[in-house]
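J.: Handing you a structure now.
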Amino acid sequence: MVRHAVDEDAQYARPSKRGSRPRTKQRPEHADAVTGMVTGVDRGRYTLVVDDGTARQRTVLAMKARELTRTRVVVGDRVDVVGDASGGEGTLARIVRIQDRTSVLRRTADDTDPYERIVVANADQLVVVTALAQPEPRTGMIDRCVVAAYDAGMDVLLCLTKADLADPSPLRDLYTPIGVEVAVTRQDDPASVETVRERLTGRTSVLVGHSGVGKSTLINALVPEADRATGVVNDVTGRGRHTSTSAVALRLPESPEPGAEQDGWVVDTPGVRSFGLAHVETDDLLQAFEDLAEVAADCPRGCTHLADAPDCALDDWLAASSDDERPAREARVASFRRLLTARHAAD
Ligand SMILES: Nc1nc2c(ncn2[C@@H]2O[C@H](COP(=O)(O)OP(=O)(O)OP(=O)(O)O)[C@@H](O)[C@H]2O)c(=O)[nH]1
Ligand SMILES: [Zn+2]
C-alpha cells in the first residue's frame, strides 16, 4: 500500500554500473556524502539534521545540486549531501541524492493550489488535532485526513483538544471502529499531553489541524523549545489567526525517564488546511481495512462498495452477521463508506 514517489531524476540515485557508460559521462558517486533528514524548507534552502554518530547532531543548511532541480525535496526526506556539511555559519552544503521514501503523504490539487503535492515524506503517523469546541469539530475534515493517511500507509491518532469544553465520547465512538487511536487533551492538564507523547515516541508524526484548534499549544507542551506562536481565537468566528506557513520537523526532547525509549519527530504543517483526495483509489483505501477487503473480493467487477451499489458483498456480510456481530460490522461498513464518500466531498 505504501507508494513510492516517482523520482524524475531517479537515474542519478542508482549506483552507476561501472563501465557501462563512457567514463566522462559518469556521475561522481559522492562517496564522501553524509546523510541528513530535511527538517525545513524555505525558498530553495533546506535545513537538515545530520546525525554524526554522537549524541549531538548538527544542523546543516543545504541547496539542491543542479541535477535535482526538477525533483521535489520535502520535510522528512533523507538526503545525501556533499560540500561543506560542517553546519558552520555561512556554509551551504549540496543535496545530491534523495533516499528511497518509506511513505509519502500527499494531497491533490484543490482550488487554492493547482499542483498535487507531497506534504511530508517518511512519516508513519498522522495526528489529526481537533478541538471538541471552539471551533466545533468537523467530521468531514477528520474523514479526509483519515483517507489521506490510510492511503499513505500511515496510522492515525485523533487528538481531541479542549476537553474542558465538551465531551469526547461521541467522536471517540465514531472513529475507534476504523482503527483510529484517540487521545484527549486539555491545556490545564499536563498529564493529558503525556498520553499524546507516549504515542509519538519512536515515530515520525505529522500534525494537522485547522486554525485555532490548539495545535500550537499542544506542540509547545510537547517540544517546549519549538516556541510555536499561538494564535488568539476570534470570539466571533471561533477561529485563530494564522501565524506561520511552512512545514517543519521538530525533535521530541529526550525523556528524563531512565531506560525510556527516546526520540521521535513531530512535523507541524501550518500550511495544510485541507486534503484534496482525487488521487486516492477505492482499492487503496480498501487495503487499510483488511477484513472488508477480504469480503469485497466477492463484489461484482467495478463495485463502488457504496450503500447504493448493487450486489455489494459488504451488504451480504452485514446480512449474514449474528445479532452479536451486527453492531460492530455495521459501524465498520458505515465508516468505510463514509470515508469513500469523503474522497469526493468538499471540505
Ligand atoms: N479552553 C481551552 N482552550 C484552549 C485549549 N488549548 C488551547 N486553547 C486555546 O485555543 C486558542 C488557539 O490555540 P492555538 O494553540 O494557537 O491553536 P492553533 O491550532 O495553533 O491555531 P493557529 O495558531 O491559528 O494555527 C488559544 O487561545 C489557546 O489558549 C484547551 O485545552 N482548552
Ligand atoms: Zn462492493
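Along the chain as shown, residues are numbered 1 onward.
Cβ atoms here come from the backbone N, Cα and C positions, even for glycine.
Note: TrEMBL annotation is automatic and uncurated.
Checked TrEMBL, it gives:
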- Thr161, Lys162, Ala163, Asp164, Gly209, His210, Ser211, Gly212, Val213, Gly214, Lys215, Ser216, Thr217: GTP binding site (BINDING)
- Cys299, Cys303, His305, Cys312: Zn(2+) binding site (BINDING)
- 15-25: compositional bias 'Basic residues' (COMPBIAS)
- 102-275: domain 'CP-type G' (DOMAIN)
- 121-273: domain 'EngC GTPase' (DOMAIN)
- 1-30: region 'Disordered' (REGION)
J.: In the same chain, which residues outside the set Cys299, Cys303, His305, Cys312 have their CB within 8 A of the centroid of the CB atoms that define the Zn(2+) site?
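T.: Output for this site, in sequence order: Ala296, Pro300, Thr304, Leu306, Ala309, Asp311, Ala313, Leu314.
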J.: Compile a sequence-ordered list of residues in the same chain as Lys215 (GTP binding site), six or more apart from it, whose Cβ lies below 8 A from its Cβ; state 'none' when nothing qualifies.
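T.: The answer is Val129, Thr161, Leu207, Gly209, Asp268.
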J.: Could you list the residues of the same chain, at least six apart in sequence, whose Cβ is under 8 A from the Cβ of His305 (Zn(2+) binding site)?
T.: Thr282, Leu286, Ala296, Cys299, Cys312, Leu314, Phe336, Arg337, Leu340
J.: Hey, which of the binding-site residues Cys303, Cys312 is the loneliest by Cβ count within 10 Å?
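T.: Comparing Cβ neighbour counts within 10 Å for the binding-site residues Cys303, Cys312 gives Cys303.
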J.: Return the average pLDDT for the domain 'CP-type G' (102-275) as a whole number.
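T.: Reported value for the domain 'CP-type G' (102-275) is a mean pLDDT of 84.
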J.: When DSSP states are folded down to helix, strand and coil, where does His305 (Zn(2+) binding site) land?
T.: coil
J.: Please report the DSSP secondary structure of Cys299 (Zn(2+) binding site), reduced to three states.
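T.: Once the DSSP labels are grouped into three classes, Cys299 (Zn(2+) binding site) ends up as coil.
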J.: Just counting, how many other CB atoms are there within 10 A of the CB of Val213 (GTP binding site)?
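T.: Val213 (GTP binding site) is surrounded by 26 other Cβ atoms within 10 Å.
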J.: With the Cβ under 6 Å from ligand 2 as the test, give me the qualifying entries from the binding-site residues Thr161, Gly209, Val213, Thr217, His305.
T.: His305
J.: Which three-state DSSP class does Cys312 (Zn(2+) binding site) fall into?
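T.: Once the DSSP labels are grouped into three classes, Cys312 (Zn(2+) binding site) ends up as coil.
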J.: What does DSSP say about Thr217 (GTP binding site): helix, strand or coil?
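T.: DSSP assigns Thr217 (GTP binding site) to helix.
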J.: What is the separation, in Å, between the Cα atoms of Ala163 (GTP binding site) and Cys303 (Zn(2+) binding site)?
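T.: Rounded to the nearest whole number, the Cα-Cα distance is 41 Å.
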J.: Please identify which of Thr161, Ser211, Thr217 has the densest Cβ environment, defined as other Cβ atoms within 10 Å, among these binding-site residues.
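T.: By the 10 Å Cβ neighbour count, Thr161 comes out on top.
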